[in-house]
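Structure first, then comments.
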Amino acid sequence: MNGEQQLDADAGSGMEEVELSWEDYLEETGSTAVPYGSFKHVDTRLQNGFAPGMKLEVAVRTDPETYWVATVITTCEQLLLLRYDGYGEDRRADFWCDIRKADLYPIGWCEQNKKTLEAPEGIRDKVSDWDEFLRQTLIGACSPPVPLLEGLRNGRNPLDLIAPGSRLECQAFQDSLSTWIVTVVENIGGRLKLRYEGLESSDNYEHWLYYLDPFLHHVGWAAQQGYELQPPSAIRHLKNEAEWQEILAKVKEEEEEPLPSYLFKDKQVIGIHTFSVNMKLEAVDPWSPFGISPATVVKVFDEKYFLVEMDDLRPENHARRSFVCHADSPGIFPVQWSLKNGLHISPPPGYPSQDFDWADYLKQCGAEAAPQRCFPPLISEHEFKENMKLEAVNPILPEEVCVATITAVRGSYLWLQLEGSKKPIPECIVSVESMDIFPLGWCETNGHPLSTPRRARVYKQRKIAVVQPEKQVPSSRTVHEGLRNQELNSTESVMINGKYCCPKIYFNHRCFSGPYLNKGRIAELPQCVGPGNCVLVLREVLTLLINAAYKPSRVLRELQLDKDSVWHGCGEVLKAKYKGKSYRATVEIVKTADRVTEFCRQTCIKLECCPNLFGPRMVLDKCSENCSVLTKTKYTHYYGKKKNKRIGRPPGGHSNLACALKKASKRRKRRKNVFVHKKKRSSASVDNTPAGSPQGSGGEDEDDPDEGDDDSLSEGSTSEQQDELQEESEMSEKKSCSSSPTQSEISTSLPPDRQRRKRELRTFSFSDDENKPPSPKEIRIEVAERLHLDSNPLKWSVADVVRFIRSTDCAPLARIFLDQEIDGQALLLLTLPTVQECMDLKLGPAIKLCHHIERIKFAFYEQFAN
């Protein structure tokens, strides 16, 4: 099953992809959005074309048949705040109106349409001669254009006037100042897809510009500025001169009404530059904005425009990249700007060294550096900061807009990492005033496609997916392929689904279940839980585990919130029922996906079961911890909580496990502690239990004569316990790897009652005192023959040591050797005290491990000492 099928299966089981939630995405990534007001070009687009001070003829509110002059006080999208002329500074009569619904007309409309122009009642007595008042107040007045009012009345935004098919004039910004007609193919929120007049869509010369781009103008601009209309050099070769002139003549004959010039009133005003030919500077190549390189002013067109060429020291036959600039063009810097800002400057192609030096380069070229005064002042006050999110145009694929993260800010320039791009690209450099960047949500608002990172895709959770195990056994090939894909994909799913989205948590019921959990009940659990929110998924997992325990209240106590916790997660109240009593305790659960794997592992260790019993990884036929060699009677050798140097709880640090049935009056005298809990803190936990809680480990211990760490050790064996004993006996029979019978093998030949008695005695010998040496039978080594080594252990690597440990019955300890990077030399130096201290092992496992180390030492002296 491939990755796509896996994703589809997930969606079908309870997850469906929905629109991107920016609030959730920002929370997951730990970032913030760039403030909306930082994008001036977008803010301008939202203006309705009106400006404070404009005058209109407006219907009088108390008498709709009459009209009067009103002044625009302020604007807010489609709303205007108006004040009738004559009220002066009195704001009490100000009123709001909706442009699309109100009767608003330009000055002179009433006279043309023979409508009554009369002052409202509230001010009629203030002025004696209203005709003279109007003549004075309308001197120099500005009124909105008629097309604007008509368009707004029809529900159209001013920007909507730039409709597909509209014509504009576009300057060639690559190598010359030639201007040519372009046709609007698409307008998405002011971002225009343009096609040169005379070309078809199949010619692949369409390009994107924002409508306020300084190189885009209304039709007639070239004639006003004295520029000739001619196709840019990039497309000139596609037709001969006669064909281009024919196209131009056809456009002029059609005489379409040009787009109103007021649409471009907010365009940047081009100032006068002071650059001269042969000046050197630093520049960002607009066609490849991924670095800063040396460049040269190669041509000055006029007082407003000049041509910059990226330096290239290779032979002349290489194509040169140039672009037209003006005084305020972004992406050009004075010499040494990169050095002053701690940035790397890329040497020009053909430069003999990777270490570029401006002084040597200027001397070599015989050129001068452009003085600082030629460059516009940098914008120091802006709201762009590192790790903020925005939307940005992909400079390689201009039709694509991606989510972007600001990775660096230098003055008024940003380094952006685009996420979710069809083709991965390096960080690109843009100005804070670039018209190719937009606030988060711009694409969604304007219907523009947005490329989002995979981990940002939000899935709506119908319910936490619980996959039940199949009753029908599939073919072995299908099973193995499916499991392999799940194992490969499980580690990636944490990042794919976001910071707070937990991957599937698998219950690997074939793994060692430890002393608290019933193997039979675990086998009945769902195959997996999730994916979904970390807290919800892990809460469900822990609830299922608690219910699969011999004593749910005991497992709940093991899982309860610890004051020394390092997870910094959230506390969730979980419940357990045992023998008619309800218990609840606060359990800490991690909130982020990156901690799920370790949380599951540590929880398994806390419950003294195989670290792979549950987690994001599905175990195949063989567990990596080699837990199949373990039985319930041996759990103390391998897994257990490791509370370093902590004897009992601190004062007041009692268990937070509370019983729903408070029976303080029935509190009995606690019996002598014959069976001390294996956890060091348990005795203190008993002493400090609140009066309202059941005594001992939450209350159930007082009622049971079989008080031990494990309900399976009780006198009255239940059906689950018998099943457990039978499973362990079968496991021991399959194991049989030694010439002499092992302790577990001997137990299989005994009657069930003998087995139970034997199990109790053996386990009690460990839970009585964890530092008490085990009996000789208990530490009996299954493989006692002399060890023969194929290589010198002094030269073993960490991997060699781990490989050897995994081959023994101490396989679960191999991870410690890997984590502590114990190689062959370190292995030969280990002794029982150092093993106990450094590896934090109990005496039983430490003795068993040291036995294997002694075997290695003996073989070393015998085979390699000479």
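Note that the numbers count up from 1, one per residue, in the order the chain is shown.
The backbone N, Cα and C atoms fix where each Cβ goes, glycine too.
These figures come from a predicted structure and were not determined experimentally.
Swiss-Prot assigns the feature region 'Antigenic epitope' to residues 34-42, out of the candidate ranges 34-42, 457-465, 565-573. Comparing S288, S346, S775 with the features listed in Swiss-Prot, the residue bearing the annotation phosphoserine is S775. Comparing S202, S475, S736, S767 with the features listed in Swiss-Prot, the residue bearing the annotation phosphoserine is S767. The repeat 'MBT 1' (20-120): residue composition by secondary structure is 21 helix, 36 strand, 44 coil, according to DSSP. Across the residues of the region 'Antigenic epitope' (34-42), the predicted structure has a mean pLDDT of 87.
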